[in-house]
Structures are given as C-alpha cells and as structure tokens.
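Data block below; observations after.
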Amino acid sequence: MNIQQALARVVAGNDLSQDEMVEVMTAVMSGQATPAQIGGFLVALRMKSESLDEITGAAMVMRELATKVEVSANNLVDTCGTGGDGANLFNVSTAAAFVVAAAGGHVAKHGNRSVSSSTGSADVLEAAGVNLSAAPDVVARAIENVGVGFMFAPAHHSAMKHAIGPRKELALRTIFNMLGPMTNPAGVKRQVIGVFTPALCRPMAEVLGRLGSEHVMIVCSDDGLDELSIAAPSHVAELKNGVVTEFKVDPADYGFGYSDLDGLSVTSAEESLGLIRGAFKGDTTELSQKAAAIIAINAGAAIYVAGLAGSMKDGVAMAEDALSSGLAAEKLKELIEFTNV
C-alpha cells in the first residue's frame, strides 16, 4: 500500500491494518513520500483517531530503524512524556530520571528538544552541561555505570528527518507524539509515560503490551498534566503481567497535600534547570518543596515500575530519600562529567 492509497482510506474514515501501517511508515521513513503527503496523512490520522493497529505498526517501523543502544543492565526503565499538555511545567520526568538512578535504578532516558512546550528534556540537559552528542556506546556505559544515560532522539531516529518539516509546519499533536515514548533505542520494557489526555492511557498501555513491554504506567492528571500531579488525582493505565488495569493515583495517599502548581511553569531551559537544582539541593523554599514533591511522586512510580520497590508508596519513599540525601544531585553531576570525557 502506498501513501496515496493510505491517505484515501484514512480520509474516508477507515482504519489501516497493522501490516498496511508498516508499509506506509516504511515509505515515510525512507523518503518515498513527499512533505505534502506526510502532512496530509498525519492530519487525516489525527482527525480519524489513530487505531491500536496503526500505532503498533508505526512503532514497529521506528523501532526497527532506530540506532540501538545495547545495555547489559537489567530492568531498564524510562521516564518520559508525549508533551503537548500546554502546561509548560519544568522537566519533571527528566528530573525524576536522576532520582531513580540515585535509588539504584538504570534509566535509559529518551527525549528530544521542545516542539510545543518551553523546554524539552534535551534542552534542559544541554543547559546543565550534558553532552547530547555522546556516542551510543558512551550512553550505554553511562546507563550501566552512572545509572542514567540520555538518548537524544534525532541521533537515534535519523529516518525521522523526513517527517520533521511537516511536523514543525503543522504544529499539531500527531501520532509521532505517541511514538516517541514507545520507541526507546535501548529497548526498555519498563516505563512511566505521561500523556496529554486520559483517553490515551489504555490504548498506549495496550500497544506497549503488544510490543513486549513488561511493566508500564501511562499517566495523565485530572488537571491536564502529562505527569502525575500533586494538585489533583491522576488517571493511570498500568500494564503488568500482560494485563492492563486502570485506576486513580491521589497525591494525598502519598503524603502530598493538594499543592497548587504556581511557579512550576517555566519559559526556558535555564529556568527549568533552576527548579530542578533547587529541588535536588533540598532548598526549603515553598517553590523548591513543590518541585521536589512532584518529582518524588513521578520518580516513585518509576522506581516501582523498575522493580526496585514492591509498591508505588514504597517507591515514593525511596524517591524522597534520594532527593534529601543529595544523591540525585550527584547523579546529574556524574552524567555531565561522564559524557564530557
């Protein structure tokens, strides 16, 4: 099936099969489709709403074409989000990665520069001094030795270059927002993924189940964050042992009062880094305490998913210890040094 045939099908409101989506995405990723065709296809998919087969097929192609990072550590975990929630919060999932590493985990962090928000994970790590151009073998050794490594998406998904122009010009959420978190180059099978709408929680968990994931939490807060919130309950779809279960996570159950999010939105990578460093240093200001709380609840989920804790509640307690001990700050320092040797 070529992209013109696929476009006609999707515009008519019909879903593509998984195999058909594999064909079309292969054409897109190999430069066989024009920018106009790619843009039209992305918009048509969005308007129809992407099916499980379509998302699965597209993810399979991206995974196949990715430049892999081979890591020997067990129970790798990733903390990431689709973006697009419009909240412009500081980089919570990026900060959480260092907390998980400090708690004894191995985090294969996958991310990019910002497309729609003020700062992406790559932007804030670059501002901190992490070398985004580190070779795959350096990233692998960082994950194994430091406990966290960063995989800059464009360096590992070079075939994506054909879709970059249409994505930027459209400036809309597309299937690629979902695919990024599902195409980790290290092949992680354990993840906490934030999404921009609760409607995506179950579908993404089911797709990851099809793709072989072991333990995943897909989260979206009731106040619209692609993170677990400290200001409202969050909707969660958890994939574990091949079964998807949906439930709410209430911050009050983890010792967090319903704190507002005032001051946690940022306009630059430097501002985001400032909030992260404040939380990592244990600053006692209200703002740093709020930042630490939202980092802890998200890191706690990842610590649990990574198999380091028997429950999310235990994971949150471990995250708080990693923050208060200064170990999370040390992990950030170690990654900066490791990638700049």
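Just so it is clear, glycine is given a Cβ too, placed from its N, Cα and C backbone atoms.
Residues or ranges marked as anthranilate 1 binding site in Swiss-Prot: Gly81, Asn112. The feature 5-phospho-alpha-D-ribose 1-diphosphate binding site is assigned by Swiss-Prot to Gly81, 84-85, 91-94, 109-117, Ser121, with sequence analysis given as support. According to Swiss-Prot, the feature Mg(2+) 1 binding site maps to Ser93, Glu227. According to Swiss-Prot, the anthranilate 2 binding site annotation covers Arg167, on the basis of sequence analysis. The Mg(2+) 2 binding site annotation in Swiss-Prot covers Asp226, Glu227.
Among the binding-site residues Asn112, Arg167, Asp226, no residue is found with its Cα located within 10 Å of the Cα of Asn91 (5-phospho-alpha-D-ribose 1-diphosphate binding site). Here the CA atom of Gly111 (5-phospho-alpha-D-ribose 1-diphosphate binding site) lies 10 Å from the CA atom of Ser93 (Mg(2+) 1 binding site). The highest number of surrounding Cβ atoms within 10 Å, among the binding-site residues Asn91, Ser93, Asn112, Ser114, is found at Asn91.
Comparing CA positions across the binding-site residues Thr94, Gly111, Asn112, Ser114, Arg167, the one lying closest to Glu227 (Mg(2+) 1 binding site) turns out to be Thr94. Proximity of Thr94 (5-phospho-alpha-D-ribose 1-diphosphate binding site) to non-local residues of its own chain (separation of 6 or more, Cβ distance below 8 Å) is seen for Thr79, Lys109, Gly111, Ser121, Val124, Leu125, Ile276, given in sequence order.
Cβ contacts within 10 Å of Arg167 (anthranilate 2 binding site), excluding its own Cβ and spanning all protein chains shown: 18. Reported as a whole number, the C-alpha separation between Arg167 (anthranilate 2 binding site) and Asn112 (anthranilate 1 binding site) equals 14 Å. Proximity of Gly81 (anthranilate 1 binding site) to non-local residues of its own chain (separation of 6 or more, Cβ distance below 8 Å) is seen for Ser93, Pro181, Ile193, Gly194, Val195, Asp226, Glu227, given in sequence order. The Cβ neighbour count for Gly111 (5-phospho-alpha-D-ribose 1-diphosphate binding site), using a 10 Å radius over every protein chain in view, is 28. In the three-state DSSP reading, Gly111 (5-phospho-alpha-D-ribose 1-diphosphate binding site) counts as strand.
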